[in-house]
Amino acid sequence: MTTVARDPVTADPVPPPEKPAAGPSRHRYRAAVGFAFGAALLFAVAPLLLSDFRLSLLAKYLCVAMVAVGIGLAWGRGGMLALGQGVFFGLGGYAMAMHLKLADAGPGAMPDFMLLYGQLDELPLWWRPFASPWFALPATVLLPMAVAFVLGSLVFRRRVRGAYFAILSQALAAAMVILLIGQQGTTGGTNGLTDIQGFFGYDLDDPVNQRMVYFIIAGTLLALLALARHLMQSRYGELLVAVRDGEERVRFLGYDPATVKLVAYVVAAGMAGLAGALFVPAVGIISPALIGIVPSIEFVIGVAVGGRATLLGPVLGAVAVAWARTALSERFPGTWTYLQGLLFVVVVAFLPGGLASLIGLARRRDDGERPGLLRRLRRRAAEVSP
Amino acid sequence: MTLFQGRRILAGAMTLVAAAALAACGSKTTDENSSAGVAADVSGDTVKVGLLNSLSGTMAISEVTVRDSIMLAIEEINAAGGVLGKKIQPVGEDGASDWPTFAEKAEKLIREDRVAAVFGCWTSASRKAVKPVFEKNKALLFYPVQYEGLEQSPYIFYTGATTNQQIVPGLDYLKAQGAKSLYLVGSDYVFPRTANKIIKAYAEANGMAVLGEDYAPLGSTEFGTITNKVKSSGADAVFNTLNGDSNVAFFKEYKSAGLTAASMPVVSVSIAEEEVKSIGTQYLEGQLTAWNYYQTTAGAANEKFVAAYKARYGADKPTSDPMEAAYVSVHLWKAMVEKAGSFDVEKVREASNGITFDAPEGLVTVDGATQHIAKTARIGKVGADGLITEVWNSGEPITPDPYLKSYPWAGGLS
């Protein structure tokens, strides 16, 4: 008897995880080649081919891709439709931006916008710890993780799932935006924190330093991918998929599904926080417009387009969607939103497994079904050639 | 996969990061050349300018009209021979009502298209997002919308009103009409919050009471509670800084609560001819607005502008203050470039002081020190035909004072 695994949220068939049939040594070899290829692409090819401006755009896309890696883990593997990742992205981004604003202002001084809108006599108490990089840097990751831990503990223990979890995530994103906008004097309101000049002593106006920020971002993304791969391939990864596909069965086996889900959710939040923190020096701005409901959904769209249950799918999807957005809006400033919508419809309708399934489609073997695309092409080529 | 192998990959990746960070370590000292601006490309017989407006998203309805009127000015200038013998080639980008997108597109226009100047932006948040981009690249932005003041960037020309050319005259008018108390209603973002701070300082110094202050999220259409509070406060007038769609809901609730322009007038600073059309004249008739230009403003220059706009975009299209300011900004840039004899940003800035233009709103003069322009303030009343007619004006152009330095009551604001 065969049962098709169903996604608990959308009830779509979920692609089965990769079969560990090829043996460990081949796996290791393929992973190493993959990483080397990715590193060469990000560290050598892209900086050589792209102008400073395009490279800084790529840096921005890669930050979105980091969030996507986390969503791929929580949603693709864990079945938790995390529609509020903007909150964690924002916490990381604001923590970093607060530190950089304070560093720009100099010791003891207040950031420019606070003098303008806040009419405060001194720095608010909750801003003070962020003056120290030893507090601010860990906070960019730990703060989102702590919030995710508290929220996750409450939600998963109470067995809140599916649409209810998604709605709760969205509500959190909306609440955070309202909070930030209301406190204009201390958070910059709708403007957010803008005009960030320096990054730990490096002048961000300098293209050389912008390049350095890009390299840090590219390196961090590779590291996060390695971490995600490690988690997915471990016993924990198997357990996470098992919880996604049959939470009650896992419970009867003696595991606590709440803890399993919590770990993935907290890790995803940490990744989003790190992405937000690196986004700030790359783009020079963090604002409520980047962390609300709409950007939170856009993060998930990238993952869905790329293929949520795979390792590389979310990354490719996030970069592809962000790149398409830029390319389409530059070429067709008046109509690009329609074209982008069309693209989503086409992907969802014809490639429900996302862009990553293209690779699988091409590689499919003759296992009783239709031959794979590559094989078919090869066969046709053989027929045509004399 | 075993734990061991996973760790190896992880460790490998970490080493890579560290190596990359070390290898790519930037220069701490910035030499002058590396942060110098990107010179505009004027080698051919055309000169590119950027048009940066939201063509999608919540701000599109307003910003598209601004884009249209910039295009009109460019077409006029090209028909008359261009600028310094070069035809203007517009490059449009969509800011998408999203502030970081504005920053990205501004950078693209400056660095990739190498435009000589950029015209656009509407919300203060979008201006704040692009300001560092223009300052970093030493490029020019012409910002055509009234705003909350308290800003002066060397690379931005502000062709809309600052507070002492719009909000302060609006308050002066209410005071002259005998208003002793105010109620403040606004959207929840930077412009209304900052404007209300200024209004409260003014009220305190001029013996007016502020009986309440309420903010609604941008795009909110729930105004039952706020209108009830406004009504029960019994204020002499309402100062309205709501933006966009919220105005429709607010004025409908206002009317259904039995409040009228006669019993409790509302002064709005974000409602122009275009918005009157979408809100509905029946809800707005008799209410007041504060601007520097109306479609009905008298003068030959305005007659020509209105006729040209309607001929180009349709007889039913009204002209409004931000559109006029955008139209003026292109002509001012042309005059600056011609006075400077060059498209070079620094030379254009130096040439800017004292540049005048016979604008549809009347004569405007660029103040080189603040890079704002002197404009005549005009209070208008919405008529039954949906047009706004002037009921008061300041008589002469008001010198811009973005930090309100010449107003003693505004001492604590900046």
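From the backbone N, Cα and C atoms, a Cβ is placed for every residue, glycine too.
Taken from TrEMBL, the feature region 'Disordered' covers A:1-25.
Among the features that TrEMBL reports, compositional bias 'Low complexity' is placed at A:1-12.
Annotation comment: TrEMBL describes A:29-49 (among others) as transmembrane segment. Tertiary proximity for the transmembrane segment (A:29-49) is limited to same-chain residues at least six positions away from its ends with a CB under 8 Å from its CB atoms, namely 22, 55, 58, 62, 211, 214-215, 218, 221-222, 225-226, 229, 312.
What TrEMBL records for A:55-75 (among others) is transmembrane segment.
According to TrEMBL, the feature transmembrane segment maps to A:82-100 (among others). If you look at the transmembrane segment (A:82-100), the same-chain residues 6 or more away from its ends with a CB under 8 A from one of its CBs are 67, 70-71, 74-75, 127, 130-133, 136-137, 139-141, 143-144, 147-148, 166-173, 176, 180, 187, 192-193, 196, 198-199, 265, 268-270, 272-281, 286, 288, 290-293, 295-297, 299-300.
Sequence-distant contacts of the transmembrane segment (A:134-156) (same chain, six or more residues past either end, CB-CB distance under 8 Å): 87-89, 91-93, 95-96, 98-99, 165, 168, 172, 257-258, 261-262, 265-270, 272-274, 276-277. Residues annotated as transmembrane segment in TrEMBL: A:134-156 (among others).
Look at TrEMBL and you will find A:163-182 (among others) tagged as transmembrane segment.
As annotated by TrEMBL, transmembrane segment applies to A:212-231 (among others).
Non-local neighbours of the transmembrane segment (A:252-272) in the same chain are 66-67, 69-71, 73-74, 77-78, 80, 82, 85, 88-89, 92, 141-142, 144-145, 147-149, 152-153, 156-157, 159, 224, 227, 231, 236, 239-240, 243, 299; each lies 6+ residues outside the stretch with a CB under 8 Å from one of its CB atoms. Taken from TrEMBL, the feature transmembrane segment applies to A:252-272 (among others).
What TrEMBL lists as transmembrane segment is A:278-297 (among others). The list of residues near the transmembrane segment (A:278-297) in space but at least 6 beyond its ends in sequence, with Cβ under 8 angstroms from a Cβ of it, reads 56, 59-60, 63, 66, 83-87, 89-90, 93-94, 96-97, 100, 169-170, 173-174, 176-177, 180-181, 188-196, 199, 204, 210, 213-214, 216-217, 220.
What TrEMBL records for A:309-326 (among others) is transmembrane segment.
The transmembrane segment feature in TrEMBL is assigned to A:338-361 (among others).
With a cut-off of 8 Å between Cβ atoms, the residues of this chain six or more beyond the transmembrane segment (A:309-326) that come close are 14-15, 17, 34, 57, 60-62, 64-65, 67-69, 71-72, 76-77, 221, 225, 228-229, 232, 298-299, 301-303, 336, 340, 343, 353-356. Beyond the transmembrane segment (A:212-231), the same-chain residues lying 6 or more positions past its ends with a Cβ under 8 Å from any Cβ of the stretch are 31, 35, 38-39, 42-43, 46-47, 55-56, 58-59, 62-63, 65-66, 69-70, 72-73, 199, 202, 204, 237, 240, 264, 267, 271, 274, 278, 281-282, 311-312, 315. Sequence-distant neighbours of the transmembrane segment (A:163-182) (same chain, 6+ residues past either end, Cβ-Cβ under 8 Å): 9, 80-87, 90, 94, 151, 155, 188-190, 192, 288, 291-293, 296.
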